[in-house]
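Q: Following this message is one structure expressed as structure tokens.
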Amino acid sequence: MESPLNATSPFFLLLCLLLTLLQVPTPCISDPNPLQDFCIRPSPAGKSPNCKDASAVVSDDFFFDGLANEGNTNNSFGVGLTQASVVEFPGLNTLGMAIVRIDLAPGGLNPPHSHPRGSELVMVIEGTVLVGFVSTDNVLYQKVAKRGELVIVPKGLVHFQKNMGKGKAVAVAVFDSQFPGVVSSPFSLFRTKPAMDSQLLAKAFRVDGEVITSLLSNFGN
């Protein structure tokens, strides 16, 4: 009887094929790799998987001026976020990058959140900003950064930015994904549709149910 581990047996060849496939990264776990010079997504931006015909591509497809304007910080957090992901800037398609402008009013906070598909490099442009993140071991790493200084936030970890100065602060965050996604910790707990069970949240946070009811109300639930 032929051994199943014989190099010419069908079993051995199938096993080799399966092991090879397991080593190949799939599109569901990473940004698409470009197979051509560029792949501009046609309008509406970010909705079509196809590339704009190369004959219709113009210089403006590689240009985005959305970060030139100051973000609106007139909100309860005192933060304005201006995004340039593949949705807003179709020229980023297949290039594996995105950028966000972060405007912070005095005392402003970009509340704890995470990006499931991208690491984040934060550079302070103006002012003084506290940048921090929490590891999976619940260790807090944080650093006050000034103009021209950088802080890296690893992919998927909860992090935040807070203005530590008396004036406004501006930072930019660059991601290694064309669409890193965002999960806001406060909103993902207290602004879900439908609302999360208050008793569940009260037990998780070890507080009275009235506290959770108040928090849910603050976030519109």
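A Cβ is built for glycine as well, from the same backbone N, Cα and C atoms used for every other residue.
Here's the feature list from TrEMBL:
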type: BINDING; residues: Asn110, His115, Glu120; note: oxalate binding site
type: BINDING; residues: His113, His115, Glu120, His159; note: Mn(2+) binding site
type: DISULFID; residues: Cys39-Cys51; note: disulfide bond
type: DOMAIN; residues: 65-213; note: domain 'Cupin type-1'
type: SIGNAL; residues: 1-30; note: signal peptide
Q: Counting only residues 6+ away in sequence within the same chain, which have a CB under 8 Å from the CB of His115 (oxalate binding site)?
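A: For His115 (oxalate binding site), the qualifying residues are Lys155, Gly156, Phe175, Ser177, Pro180, Gly181, Val182, Val183.
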Q: Consider the binding-site residues Asn110, His113, Glu120, His159 and say which one has the Cα lying nearest the Cα of Cys39 (disulfide bond).
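A: Closest candidate to Cys39 (disulfide bond), judged by Cα separation, is Glu120.
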Q: Count the Cβ atoms, other than its own, that fall within 10 Å of the Cβ of His113 (Mn(2+) binding site), considering every protein chain shown.
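A: There are 16 such Cβ atoms around His113 (Mn(2+) binding site).
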Q: Cα-Cα separation of Asn110 (oxalate binding site) and His159 (Mn(2+) binding site), in Å?
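A: That separation, Cα to Cα, works out to 9 Å.
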Q: In whole Å, note down how far the CA of Glu120 (oxalate binding site) lies from the CA of His159 (Mn(2+) binding site).
A: 10
Q: About how far apart, in whole Å, are the alpha carbons (Cα) of Cys51 (disulfide bond) and Glu120 (oxalate binding site)?
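A: Each residue's Cα considered, Cys51 (disulfide bond) and Glu120 (oxalate binding site) end up 27 Å apart.
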